[in-house]
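Undergrad: From Swiss-Prot, here are the annotated features:
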- 1-43: domain 'Chitin-binding type-1' (DOMAIN)
- C3-C18: disulfide bond (DISULFID)
- C12-C24: disulfide bond (DISULFID)
- C17-C31: disulfide bond (DISULFID)
- C37-C41: disulfide bond (DISULFID)
Amino acid sequence: EQCGRQAGGKLCPNNLCCSQYGWCGSSDDYCSPSKNCQSNCKGGG
């Protein structure tokens, strides 16, 4: 895990989104609030 609650609240570098599973990425699977994105989400989540 790289980010979010699984990584002690870390944020992703380069404004990447943090997925519900604690990984950084830029696709909808990482960024969509409906997929429980944790940080830097699309839609201001």
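Cβ atoms here come from the backbone N, Cα and C positions, even for glycine.
These figures come from a predicted structure and were not determined experimentally.
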Undergrad: Please count the residues of the domain 'Chitin-binding type-1' (1-43) that DSSP assigns to helix (H, G, I), strand (E, B) and coil.
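TA: Counting residues per DSSP class in the domain 'Chitin-binding type-1' (1-43), I get 15 helix, 7 strand, 21 coil.
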Undergrad: If you draw a 10 Å sphere on the Cβ of C17 (disulfide bond), how many other Cβ atoms land inside?
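TA: Here the count is 27.
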Undergrad: Give me the count of other Cβ atoms within 10 A of the Cβ belonging to C18 (disulfide bond).
TA: 28
Undergrad: What whole-number Å value do you get for the CA-CA distance of C12 (disulfide bond) and C41 (disulfide bond)?
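TA: About 11 Å separates the two Cα atoms.
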Undergrad: Taking only C-alpha atoms and a 10 A limit, tell me which of C3, C24, C31 are near C41 (disulfide bond). These are the disulfide-bonded residues.
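TA: Among C3, C24, C31, the ones whose Cα sits within 10 Å of that of C41 (disulfide bond) are C31.
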Undergrad: Taking the Cβ of C24 (disulfide bond) as the reference point, list residues of the same chain whose Cβ is under 8 angstroms away and which are at least six residues distant in sequence.
TA: Q2, C3, C12, P13, L16, C17, C18, Y30
Undergrad: I need the CA-to-CA distance for C37 (disulfide bond) versus C31 (disulfide bond), whole Å please.
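TA: Answer for this pair: 5 Å between alpha carbons.
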